[in-house]
Amino acid sequence: MNIVVYPGTFDPVTNGHYDLIERASRMFDKVVVAVAASPRKQPTLSLETRVALIEEVTADLDNVTVTGFSCLLTQLLAQQNARIILRGLRAVSDFEYELQLANMNRAQAPDVESLFLTPEVENSYISSTIVREIARLGGDVSKLVHPCVVDALSRHFAQDPSSPKTQ
């Protein structure tokens with residue numbers, strides 16, 4: 001079976017992420033979306049929420065599974081019997097960082113390959129950071145994320161006392 005793992009924080013999952021997941025689902029027998037716990041990044045949404053949102057967003061894709069993880073990515077690949085890591089590149093600036101990660105992963109597990117995909121043009125400017133900031137300030141993110149993500153962000157920031165919307 002040809003398996004690819006698409007790791008990320010997905011805080012939140014965006015239309016750009018979905019674009020890559022959907023395209024990968026046509027190239028591979030199985031796509032594992034691996035949601036990193038990433039405590040150092042202090043995610044806005046909990047790991048459980050991020051996993052649930054991706055499950056909902058990708059419900060139409062039969063060969064996609066979603067899992068949370070807090071181990072080394074190469075350990076997760078071994079658990080999933082996968083040898084390929086999918087990463088998205090929006091701009092040249094992403095490449096340098098991604099190349100560094102790819103080389104580190106290969107040093108950890110020499111049989112692991114990294115596959116880089118670029119998003120469709122209409123998704124090339126979308127980032128989770130931008131989506132979070134727009135949502136935190138009360139802006140409309142409905143063209144950037146799935147409706148379930150809009151709802152989750154609205155609920156989160158309605159309860160967040162540091163959000164300008166609640167002040």
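The backbone N, Cα and C atoms fix where each Cβ goes, and this holds for glycine too.
Summarising the annotation, Swiss-Prot assigns substrate binding site to THR9, LYS41, LEU73, ARG87. Annotated ATP binding site per Swiss-Prot: THR9, PHE10, HIS17, GLY88, LEU89, ARG90, GLU98, ASN123, SER124, TYR125, ILE126, SER127, SER128, THR129, in sequence order. Swiss-Prot lists HIS17 with the feature site 'Transition state stabilizer'.
When the Cα of LEU89 (ATP binding site) is compared against those of the binding-site residues THR9, LYS41, LEU73, the shortest separation belongs to THR9. Neighbours of ARG87 (substrate binding site) among the binding-site residues GLU98, SER124, ILE126, SER128, defined as a Cα within 10 Å of its Cα, are GLU98. Of the listed binding-site residues, namely THR9, SER128, the sparsest CB environment within 10 A is found at THR9. Within the set THR9, PHE10, HIS17, GLY88, LEU89, ARG90, GLU98, ASN123, SER124, TYR125, ILE126, SER127, SER128, THR129 that the record links to ATP, no two Cα atoms are more than 19 Å apart, and one pair reaches that distance. In this view, ILE126 (ATP binding site) is surrounded by 20 other Cβ atoms within 10 Å of its Cβ, with every protein chain counted. DSSP gives HIS17 (ATP binding site) a helix state. The least crowded of the binding-site residues HIS17, LYS41, judged by other CB atoms within 10 A of its own CB, is LYS41. Separating the Cα atoms of SER128 (ATP binding site) and THR9 (substrate binding site) is a whole-number distance of 9 Å. Same-chain residues at least 6 positions away in sequence with a Cβ under 8 Å from that of SER124 (ATP binding site) are, in sequence order, GLY16, ARG90, ALA91, THR118. When Cβ atoms from all protein chains are considered, those within 10 Å of ARG87 (substrate binding site) total 20, not counting its own. With HIS17 (ATP binding site) as the anchor, the candidate binding-site residues are THR9, LYS41, LEU73, and the one with the nearest CA is THR9.
For LEU73 (substrate binding site), the same-chain residues lying six or more positions away in sequence with a CB closer than 8 A to its CB are VAL5, PRO7, ALA34, ILE85, ASN105. THR9 (substrate binding site) sits 15 Å from ILE126 (ATP binding site), taking the CA atoms of both as reference points. Separating the Cα atoms of LYS41 (substrate binding site) and ILE126 (ATP binding site) is a whole-number distance of 19 Å.
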